[in-house]
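Features of the protein shown, as given by TrEMBL:
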BINDING   99-106, 112-113, Arg151, 178-181, Lys189, 205-206, 274-275  substrate binding site
ACT_SITE  His100  active site, tele-phosphohistidine intermediate
ACT_SITE  Glu178  active site, proton donor/acceptor
SITE      His273  site 'Transition state stabilizer'
Amino acid sequence: MGWPSSCDPTRRTCCERSRQCAGVFSGHTLPPHTPKQGRTRHRHLCGASCHLSPVLTSPFLSSDLSFSHGNVHYMFPASTFRRFFGNMAKAKYTLVLIRHGESTWNKENRFTGWTDVPLSPVGEQEAVEAAKALKEKGFEFDVAYTSVLQRAVVTCWTVLKGTDMCHIPVKSSWRLNERHYGALQGLNKAETAAKHGDEQVKIWRRSYDIPPPPLEKSDKRWPGNDAVYKMVPNEALPLTECLKDTVERVLPFWFDHIAPSIMEGKRVLVAAHGNSLRGLVKHLDKMSDEAVLELNIPTGVPLVYELDEDLQPVRHYYLLDEAELKAKMEAVANQGKAK
């Protein structure tokens, strides 16, 4: 049986963000231990009331819980409670993700992929502003990770210079590269949409498991023809990639390098690309394959994750004004549409 509609934990209709059905965040916090047969009564703003088990007051719930709303009894698995009330956990680690600043091909609205294009003047300034925002908030780093593509590398170094962190190690990996767009690389997104239709281009850009048309290995755009990747086995180098392929490429690097650094207590910066970062965010936030398709990560804006001891997100936020952030996200979403 689900929540009553007035206290649905996914809505903001009862008790300030509504998942305060337990009374924990609503301004009338329940005492940690309450007598009267081990239960506490809480009255909702909707007028109903609950009888709550005292374990509700623990943010580190290990056992299932139950409560009554009116004459209806509800059971909650501990895992569900932790998911809804995860921000009660204590943050232990900090991770900062940043998509590179605008590149010259971002500006020209082209599919870039693994093509190694530089930052545009706007992108260079975005990286400077990102560093300024991080420094103003007091962020420091112990190690940085980036791709082998210059737009991410330069963004990384600009941020480190602006935060007085040039002394820390920077580790580059092809696994953090942008998604490979195959035969679309270099094409204008709007012109491609005008030719093939918005829906087809959206499928190529945003479907989780449908890649764009592949390259031939004889094509100079195939990374096997680039000396930068001579140490990477040819079979690992893509002819094209869907987002699923990109996630599967990125996650081994997360588990083998980034996550262990965080667990060692290091403050980590990752400067990468829209789709490689979508892969990390999908993993961290446990996003579904469908939900991640609507995720738009703007260029040059630090995304801060506060993680608990198990590397589960306690909270995350961008270092940018909400209105400006929304505009930048909408710009990313509109890139593949015909004009």
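Any Cβ shown, glycine's included, is placed from N, Cα and C.
Cα of Glu178 (active site, proton donor/acceptor) to Cα of the residue listed as 'active site, tele-phosphohistidine intermediate': a distance of 10 Å. Of the recorded residues, Gly113 (substrate binding site) and His273 (site 'Transition state stabilizer') place their C-alpha atoms 9 Å from one another. Non-local contacts of Arg179 (substrate binding site) by the CB criterion (under 8 A, 6+ apart in sequence, same chain) comprise Gly113, Glu241, Cys242, Leu243, Asp245, Thr246, His273, Gly274, Asn275, Ser276. Applying an 8 A CB threshold to same-chain residues 6+ apart, the list for Glu102 (substrate binding site) reads Leu119, Ser120, Val122, Gly123, Glu126, Thr299, Gly300.
Put simply, the residue listed as 'active site, tele-phosphohistidine intermediate' is 19 Å from Lys189 (substrate binding site) when counted between their Cα atoms. Taking Cβ-Cβ distances under 8 Å and a sequence gap of 6 or more within the same chain, the neighbours of the residue listed as 'active site, tele-phosphohistidine intermediate' are Leu119, Gly123, Ala127, Leu149, Arg151, Ala152, Val154, Thr155, Ala271, Ala272, His273, Thr299, Gly300. Cβ packing within 10 Å was compared across the recorded positions Arg99, Lys189, His273, and the lowest neighbour count falls to Lys189.
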